[in-house]
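Single-structure report; data block below.
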Amino acid sequence: MKILPAGQIRNIDAYTIKNEPIRSIDLMERAAKAFTRWFTTRFSPKYQVTVICGTGNNGGDGLAVARMLNEKNYKVSLYAIKKSASASDDFKINEKRLEGLIHINKITSPGEVPEFSTGHIVIDAIFGSGLSRDVEGLYADVIRAMNNSGNTIVSIDIASGLFADRHTFSDIVVKPEFTVSFQIPKLAFFMPENSRYVGDWYIVDIGLMQEAIEKEASDYFMLTDGFVKSELKKREKFAHKGTHGRALVMAGSYGKMGAAVLCAKAALRTGVGLLTMNIPRCGYNIMQSVVPEAMVLPDEGDHFLTSYGDVSKFDALGIGPGIGQEQETVYSLMQVVQAFGKPLVIDADGLNIIAQHREILEVLPSKTILTPHPKEFERLAGKWSDDFERLEKLVAFASENDVIVVLKGAHTSIALPTGEVYFNSSGNPGMASGGTGDVLTGMITSLLAQGYLPEYAAKVGVYLHGVAGDLAAEVTGQIGMIASDLIDFIPDAYQNIR
Ligand SMILES: NC(=O)C1=CN([C@@H]2O[C@H](COP(=O)(O)OP(=O)(O)OC[C@H]3O[C@@H](n4cnc5c(N)ncnc54)[C@H](OP(=O)(O)O)[C@@H]3O)[C@@H](O)[C@H]2O)[C@H](O)CC1
Ligand SMILES: [K+]
């Protein structure tokens, strides 16, 4: 699914209005209906609803929603912030449609800012994608009062005060529990810095023309079920274990064999035919007894990796989980990436080693997959001042080094060398716990070995990992979930997507 900036969404609106054709007021009606449908399935008419509007089209949506909820027997109080006489045409039409139905309380001065009584659901329709500057004055007073009221807020399209496509410096922004956005996700939703201004967000379809969406170019996409489903490889009837690839994972050191074990189990559960674990000797018994399905290639080093073996017979190589940064390990990493000569997966200490020895970047096979968490990415690419700048750095790093970067976090983002970025939509905060990264490395390595091209191994791996986390959380809850739970749910995650 494409993520598009406000300007391009406006083009799509205009195209739909012209070519469907549909009057813009009817498109607003359709948007308000879609919002109302979402709202009425979540909140019953026993709730009192307060709708706060601006006077642009977001405000027009708010008026139409107020009318629709009133028809459905919700008790609705309605306010419009009117600093000047100007209002959008569709706002004015909706204002007329409300005559005799609901009174619109005008907020024209600070004295008229409502006192929000508790227990209301507040619908935020002050500004949408037309926000053009920081919020101040009367608008700021209202937003502060809304945020301080303790009420559940639902934002229409996007929280008022939040810029859809760039960093929002001001903190005068509505803090909704839910955002219900129209058809196309906004880039701001994927930035961790905005989490309190987005809440749980939902996309509702308002029937914008598909051909108009296709016409608009974008480098940003959201990974969805449909996409991943279409990329999953099927198992052939006459397959044997060799058909599903041979993977080699170089992982572990004294005290960090858990990382190697998690990575191994995840690779196997993701479906690799044959897995070999290249680990230091201290991990031999652990690996053989805990993961009997894996073959073990013990290193000469007792406590950390000191060399590498014949890598030519492997389809995929994953390296990094728990390897530490001893000098011999650094040398073997430097050499093995070149000896392997095909795209591989590098994680954790493997990335820290690269950050210390940047010459390795020059010899990485094209489309190698790097899977940093934000701190590791900072070591590779330097600091950023906000998440939009981080995104710029991510895109630049992937294209300059001809690598695929999987930047882990809520909405893990996958940057390709082409400049495209895919944001994940699966997963939950319970996954922010030790070892989940090792699981992801195992999964992506496994998919590479099974013949997925690097770009698809990254996308499918990240999405599946998130689904496994979501399924695990249904059983364990988010707080008590651990990385091993994720592994147990990989098979279900496959079933779920198919
Ligand atoms: N396809 C769709 O998604 C559809 C969306 N709809 C809804 O329309 C809004 C966008 O509506 P628009 O009228 O373009 O913009 P807004 O309602 O967000 O607000 C514009 C007015 O607000 C003024 N403004 C902007 N920033 C500020 C500020 N900081 N302080 C005060 N006033 C501000 C702006 O003034 P300008 O001086 O910048 O012109 C405008 O007067 C979208 O979000 C959806 O909710 C349609 O209903 C259906 C299709
Ligand atoms: K809004």
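Note: Cβ is positioned from N, Cα and C throughout, glycine not excepted.
Quick look at what TrEMBL lists:
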- 9-214: domain 'YjeF N-terminal' (DOMAIN)
- 57-61, 128-134, Tyr139, Asp157, Ala259, Gly322, His373, Asp438: (6S)-NADPHX binding site (BINDING)
- Asn58, Asp124, Ser160: K(+) binding site (BINDING)
- 224-497: domain 'YjeF C-terminal' (DOMAIN)
- Lys408, Gly409, Ala410, His411, Thr412, Gly437: AMP binding site (BINDING)
**OP:** Could you name the residues, excluding Asn58, Asp124, Ser160, of the same chain that surround the K(+) site, i.e. Cβ within 8 Å of the Cβ centre of those residues, in sequence order?
**Re:** Ile52, Cys53, Gly54, Gly59, Gly62, Ala125, Ile126, Phe127, Gly128, Ser155, Ile156, Asp157, Ile158, Ala159, Gly161, Val174
Original post:
Taking only the binding-site residues Asn58, Gly409, Ala410, His411, which one has a CA atom nearest to the CA atom of Gly322 ((6S)-NADPHX binding site)?
Top reply: Gly409
Subject >> Position of peak Cβ density within 10 Å, selected from the binding-site residues Asn57, Asn58, Ser129, Ser160, Thr412 >> reply: Ser160
**OP:** Return the members of Asn58, Asp124, Ser160, Lys408, Ala410, Gly437 (the binding-site residues) with CB less than 6 angstroms from at least one atom of ligand 2, or none.
**Re:** Asn58, Asp124, Ser160
**OP:** Give the number of CB atoms, excluding that of Gly322 ((6S)-NADPHX binding site) itself, located within 10 Å of its CB.
**Re:** 27
Original post:
Cα distance, Tyr139 ((6S)-NADPHX binding site) to Gly437 (AMP binding site), nearest Å?
Top reply: 43
Original post:
Nearest to Ser160 (K(+) binding site) in three-dimensional space, by Cα, is which of the binding-site residues Ser129, Lys408, Gly409, His411, Thr412?
Top reply: Ser129
Original post:
Ser132 ((6S)-NADPHX binding site): which of the binding-site residues Asn58, Asp124, Lys408, Ala410, His411 is the nearest Cα neighbour?
Top reply: Asn58
Subject >> Assigned conformation of Tyr139 ((6S)-NADPHX binding site) - DSSP reduced to three states >> reply: helix
Subject >> Neighbourhood of Gly60 ((6S)-NADPHX binding site) by C-beta distance under 8 A, where only residues 6 or more apart in the same chain count >> reply: Met28, Cys53, Ser88, Asp90, Phe91, Ile93, Asn94
**OP:** Compare the C-alpha of Gly409 (AMP binding site) with the C-alpha of each of the binding-site residues Asn57, Asn58, Asp124, Ser129, Tyr139, and give the closest one.
**Re:** Ser129
Original post:
Taking the Cα atoms as reference points, how far is Asn58 (K(+) binding site) from Lys408 (AMP binding site) in Å?
Top reply: 33
Original post:
Of Asp124, Ser129, Ser132, Gly322, which binding-site residues come close to ligand 1, meaning Cβ under 6 Å from one of its atoms?
Top reply: Ser129, Ser132
